[in-house]
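*Asks:* Reproduced below are the annotations present in TrEMBL:
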type    : residues             : note
DOMAIN  : 23-206               : domain 'RNase H type-2'
BINDING : Asp29, Glu30, Asp121 : divalent metal cation binding site
Amino acid sequence: MAPAIVYEDLVRFDASRKDLGVRHLAGVDEAGRGALAGPVVAAAVICDPHEDLIRVRDSKLIREPVREELYEAIVALSRSVGVGIVEPDEIDRSNILRATLKAMELAVEGLGIRPCRVLVDGIHRPAVDPPVETVIGGDRRSFSIAAASIVAKVTRDRIMRSIADEFPLYGFGRNKGYGTAGHIDAITRRGLTRLHRRSFKIHSRS
C-alpha cells in the first residue's frame, strides 16, 4: 500500500479522537518486550501530522535506515516525546508485563505536555492520570502510536548497538537481544550475560 494511503488512514484514526474535544493526544508503544536480552523501552509521542512524516507506520514494517530518519523527524516535529526504560534486572524482579507497563508510565510522565488522552498499543493499560484508550494493533491504526513505535524501537536499537562491543560474541548489534539462531548458539557456548533476562525461558540449542 502506498505510504500516502497508510499515512492518511493513521491520521484519520487520531483525528476521530480529536473530534471528541481532545487537544493533546499521546500515542504510546513499546519495543523489546519479547527480547531475551536488554531493556524494554516505551515511548510516548504527542505529534501533529506533517508532510515530513508521511512514511510513518508500524516500526516493524520499516527498514532500519528509514526508521532512523523518521526518528529524527518525529523528535524534531513533535510537541513532546517521552521515553521510559526498564532494565533486565527489574524485568526479572517483577515480570515482563509489569516492566512494560512501568516503561509506558515513565514515558508518559516524561512528556513535557500533559496529554488529554493516551492511546496505547495492545490491551493493557498503564497507570497514568490521563484517560487511556487501548488499541489492539494500534501501531497499524494510529498515527501517534505508530510514531511512538518508531521512537521506542530506534531508542532501544541504539542502546543495544552501544553495548554490543562489551559483549562482541553475542551479536547484540545485529540481533538487538532477540532470540536468533546465532544468539541462542552464543548462549549455549558461553552462557548468559548481565543483559540477559534470567526469568525468561532461554532454551539452548543442543
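Note that Cβ sites are derived from N, Cα and C of the backbone, with glycine treated the same way.
No curator has checked TrEMBL annotations; they are predicted automatically.
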*Asks:* Around the C-beta of Asp121 (divalent metal cation binding site), how many further C-beta atoms are within 10 angstroms, looking at every protein chain?
*Replies:* 26
*Asks:* According to DSSP, folded down to helix, strand and coil, what is Asp29 (divalent metal cation binding site)?
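*Replies:* DSSP call for Asp29 (divalent metal cation binding site): strand.
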*Asks:* Including all protein chains displayed, how many Cβ atoms other than that of Asp29 (divalent metal cation binding site) lie within 10 Å of its Cβ?
*Replies:* 31
*Asks:* Give me the count of other Cβ atoms within 10 A of the Cβ belonging to Glu30 (divalent metal cation binding site).
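*Replies:* By my count, 28.
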*Asks:* Excluding Asp29, Glu30, Asp121, which residues of the same chain place their Cβ within 8 Å of the centroid of the Cβ atoms of the recorded divalent metal cation site?
*Replies:* Val28, Ala31, Ala42, Ala43, Met104, Val120, Gly122, Gly138, Asp139, Ile145, Ala148, Ser149, Ala152
*Asks:* Three states by DSSP: which one describes Asp121 (divalent metal cation binding site)?
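*Replies:* The three-state answer is strand.
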